[in-house]
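Straight from Swiss-Prot, here's the annotation block:
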type	residues	note
BINDING	Glu62, Glu92, His95, Glu176	Fe cation 1 binding site
BINDING	Glu92, Glu144, Glu176, His179	Fe cation 2 binding site
Amino acid sequence: MRTSSFLDRLIGEVDSALRTLVLPQKRITTRQSPAENLADTVLSAQEKKHISGLMRVNHAGEVCAQALYQGQALTARLTHIKEQMASAAAEEVDHLAWCEERLYELGSKPSLLNPIWYCGSVLLGALAGLAGDKVSLGFVAETERQVTAHLQRHLHYLPEKDKKTIAILKRMQEDEEHHAHTAMEAGAVELPYIIKQLMNAVSKLMTQSSYYI
C-alpha cells in the first residue's frame, strides 16, 4: 500500500485551504446546525449589526482553527496525531458552516481578513508540528482553551432573545472543550507562559479587526 508523501499532503492542504476560504453557497456538514429548528427572533438593526460583528469574529476564529489543524497535520510525525488533527478539523468545518449561515441570516458576511489569518495559522501549525507532536498538541489545547473563554464572553454579550446564535455558540464551546481535553489526553505539553501571552495578543488583534472588517 502506497504511503502519502509530503507532496501528497501539501496538495491536500491546498485543497483544504480553498475549501475553507472560498465560500460555497452551502457547506457540506456532518451535523445539523444547533439553530436549525429554532424560530427567528425580531432584532433591531443595531442588535443585528452587533451580533454580526461577533459572529464574524467567531467565523474568523474557526478559519484560524481549521488552518492550525491543517498546518499541524502537514508536519505531524505520528499517524494517530495526523488522524486526530483531521478529525478535529472536520468538526471545525461544521462550525464554519454554522457561523456562515447565521451571518447570512443576519444580512452580513465573513471577514475580508480571513486569508491573512488563515496563512498565519497554517504557518504556526506547521511550525508547532515541526517542534514535535507533544508541542503541537499543546498548541491545540491552549488554542481551544482560549477559544472556549472567548465564546463564553460572546455568550455574555449576546441579547438573551437571540436563541439561534446562543445555541450555535454553546455547541461550538462544547466541541472546543472536547478538543482541548482530547489533546491533553493524547500527551500535550503545557506551553510556556510567554507563548500563551503571545497567542492571546494575536487573538485580540484578530477579534478586534474581524468585528469590523
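In case you wondered, yes, glycine gets a Cβ from its N, Cα and C as well.
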For the C-alpha pair, I'd like the distance in angstrom between His95 (Fe cation 1 binding site) and Glu144 (Fe cation 2 binding site), rounded off.
13
Using DSSP and collapsing to three states, where does His95 (Fe cation 1 binding site) fall: helix, strand or coil?
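The three-state answer is helix.
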Could you state the CA-to-CA distance between Glu176 (Fe cation 1 binding site) and Glu144 (Fe cation 2 binding site) to the nearest Å?
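The Cα atom of Glu176 (Fe cation 1 binding site) is 5 Å away from the Cα atom of Glu144 (Fe cation 2 binding site).
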Mind giving me a neighbour count for Glu92 (Fe cation 1 binding site)? Other Cβ atoms within 10 Å of its Cβ, every protein chain shown.
24
Count the other Cβ atoms sitting within 10 Å of the Cβ of Glu176 (Fe cation 1 binding site), across every protein chain shown.
26
Is it possible to get the count of other C-beta atoms within 10 angstroms of the C-beta of His179 (Fe cation 2 binding site)?
24
May I ask for the distance between Glu92 (Fe cation 1 binding site) and His179 (Fe cation 2 binding site), taken between their Cα atoms and rounded to an integer number of Å?
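The separation of the Cα atoms works out to 10 Å.
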Could you round the CA separation between Glu62 (Fe cation 1 binding site) and Glu144 (Fe cation 2 binding site) to a whole angstrom and send it over?
11
Going by DSSP, is Glu144 (Fe cation 2 binding site) part of a helix, a strand, or coil?
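Going by the DSSP assignment, Glu144 (Fe cation 2 binding site) falls within a helical segment, counted as helix.
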Specify the count of other C-beta atoms within 10 Å of the C-beta of His95 (Fe cation 1 binding site).
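There are 26 such Cβ atoms around His95 (Fe cation 1 binding site).
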Would you list, in sequence order, the residues of this chain other than Glu62, Glu92, His95, Glu176 that have their CB within 8 A of the centroid of the site's CB atoms, where the site is the one recorded for Fe cation 1?
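Filtered neighbour residues, in order: Gly61, Ala65, Gln66, Glu91, Asp94, Leu96, Val147, Met172, Asp175.
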Sorted by position, what residues of the same chain at least six away from Glu144 (Fe cation 2 binding site) have a C-beta under 8 A from it?
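Those within reach of Glu144 (Fe cation 2 binding site), by Cβ under 8 Å and sequence separation of 6 or more, are Ala65, Glu176, Glu177, His179, Ala180, Ala183.
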